[in-house]
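Visitor: The structure follows.
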């Protein structure tokens, strides 16, 4: 059984996540420019994350009248911390920072913290549009969480373990995406939804003037948007050990395969964002509960039967 | 150049811009938006996200007060510029970069802690009077507000919180339950919102219970400059698409509008691109699914979108006769009642109301509820 990375891995993890985030922000800027018919060059786009970060670091923090600063601060920090904690069980190569027994449950628990975080940020600002944005995310959570959990369960059933490294080990021969494609699609969509990433960006939509983030400025906004990006990166990186064979692959070392696959998943999500308009929570709830929940349950059933047929459990 | 100045200059090289204009400034505003897009500067979503406030035209007293309010909420480093003529746009925007990167100027601007003062605590504040002529803040106590305007609406009988805020009221919701009701003005500073429009709404959750639309600083019967039909329709389409979260096609629509307004007579090409865009909107299967809300007969907004496309196409020539339908404010009020916030935003963008001298008396319109 593989074990956790040495302590240095824990120090490395935030840096790695931020580097991938940097690339994703730049790719998103290029994609946005292309969609708008006003191309942005890669050189400009690559400088963009740094520029925006400096802009927000220099920017003044702003308070709203009678806002709850404490709750807002807790919310913003929680989003960032939850994303990092969720990433702790990600195998960077074949070994994660923390090889927890119930790794999948841990990942799920950490990402659910985002519900509270976004809602607190929306509530704390004492502003109508922020509050609407915060509640939108809670409603969105109701929509995406069930298919998401069934997708996680399906991968766990396939590997007969909740430990993420076991899930990777089980895919040595065959990637799980082949035997559980429905679970993979459900996971990918819910990864976008949990990071309120387009087409699920209604909680921070333009119609509510930035929604939960509407009143954030300066370092508050930086923490919130970094947390959001890290959550997106962490959840799309999780698709790699769960469905895409983790570090398994020919020629390249395991860590390189994880990186390549993670960037590919992020690329799909970035393209999705610029192709599809925002899907409102009530619409998504309808689709999610009527189509995705039965489909993921059926998927879990099929995988269970396959595992039983092989003499597992 | 010391480190702080270097850092500040790097930070403000790509400022987020908030464009504010009153009724009748749409043409100049389009020019400003075009220039901002050309520089690849992002458009701010809210005052907190803003670095540069561009005031288009000469705002009247009501809008002037709102702009002061917005300005207080803009975090430093910040700059403000007023543009009353097309030739002022480029030098004006250039100048804001200088102001943003000037450490001394920013120290002077960032005197406060960034919190919004309440009405009572803020007699007319105007940090940079020398640039601006609109110092008519006598009516500062009147009820205006931005989208954050809960703090300024002193609703009769509402309990005052510390800071001069009004508490929510109780009222019956659509199922007859007593729930919190909040009186909020929507606009005039909201993304994708018609210039100078304010809708005073009563919200329960995010459902609008009562709506009263009005235009700021418009006298009854006053003639107001309007965009040509094609440009007007395209503006409306761009706003609907942007609110639907489809920013790519929205930006392309806006680019088309700019070419209709300021282009060098290449209308044939514009018409082709318009048709391509229209086909793309038609082909989308997600858009009708998300725009059609449960209550309104599946896709009133979608119909409006189609109508705008036809209207723009007809105005460009080659689409046959088409008279654009216009929405007056009482009709808008009636449509907004019962709508959810997201739907209401789409309804306003699709209706794109404008002051109509013959029809509307904006100050005395009555809601339909």
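Backbone N, Cα and C define each Cβ position, glycine as well.
Pasting the feature list from TrEMBL:
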- A:1-26: signal peptide (SIGNAL)
- A:70-92: transmembrane segment (TRANSMEM)
- A:112-135: transmembrane segment (TRANSMEM)
- A:142-162: transmembrane segment (TRANSMEM)
- A:174-197: transmembrane segment (TRANSMEM)
- A:229-248: transmembrane segment (TRANSMEM)
- A:254-272: transmembrane segment (TRANSMEM)
- A:284-308: transmembrane segment (TRANSMEM)
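Give me the structural setting of these features: burial, nearby parts and distances.
Guide: Beyond the ends of the transmembrane segment (A:70-92), by six or more residues, the same chain brings 2, 5, 9-10, 12-14, 16-17, 98-100, 103-104, 106-107, 110-111, 113-114, 116-125, 164-165, 168, 216, 220, 223-224, 226-228, 230-231, 233-235, 237-238, 241, 246-247, 255, 258 to within a C-beta distance below 8 angstroms of the stretch.
Long-range Cβ contacts of the transmembrane segment (A:112-135) within its own chain (Cβ-Cβ under 8 Å, at least 6 residues beyond either end) map to 64-76, 78-79, 81-83, 85, 141, 145, 194-196, 203-205, 208-216, 224, 227, 231.
With a cut-off of 8 Å between Cβ atoms, the residues of this chain six or more beyond the transmembrane segment (A:174-197) that come close are 111, 114, 118, 137, 140-141, 143-145, 147-148, 150-152, 154-155, 158-159, 167, 203-204, 228-229, 231-232, 235-236, 238-239, 242-245, 248, 265, 268-269, 272-273, 284, 292, 295-296, 298-300, 302-303, 306.
Residues 17-18, 20-21, 24-25, 79-80, 82-84, 86-87, 90-91, 93-94, 107, 111, 114, 151-152, 155, 164-165, 167-168, 171-172, 175-177, 180, 183-184, 187-188, 190-192, 194-195, 197, 254-255, 257-258, 261-262, 265-266, 269 of the same chain sit 6 or more residues outside the transmembrane segment (A:229-248) yet have a Cβ under 8 Å from a Cβ within it.
Panel annotation: around the transmembrane segment (A:284-308), residues 139-140, 142-144, 146-147, 150-151, 153-154, 157-158, 160, 179-180, 182-183, 186, 189, 193, 200 of the same chain, lying at least six beyond its termini, place a Cβ under 8 Å from a Cβ of the stretch.
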Visitor: Going along the chain, which residues at least six beyond the ends of the transmembrane segment (A:142-162) come within the CB cut-off of under 8 Å?
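Guide: Residues packing against the transmembrane segment (A:142-162) from afar: 101-105, 107-108, 112, 169-171, 176, 179-180, 183-184, 186-187, 189-190, 193-194, 200, 242-243, 281, 284-285, 288-289, 292-293, 295-297, 299-300, 303-304, 306-307, 312-313.
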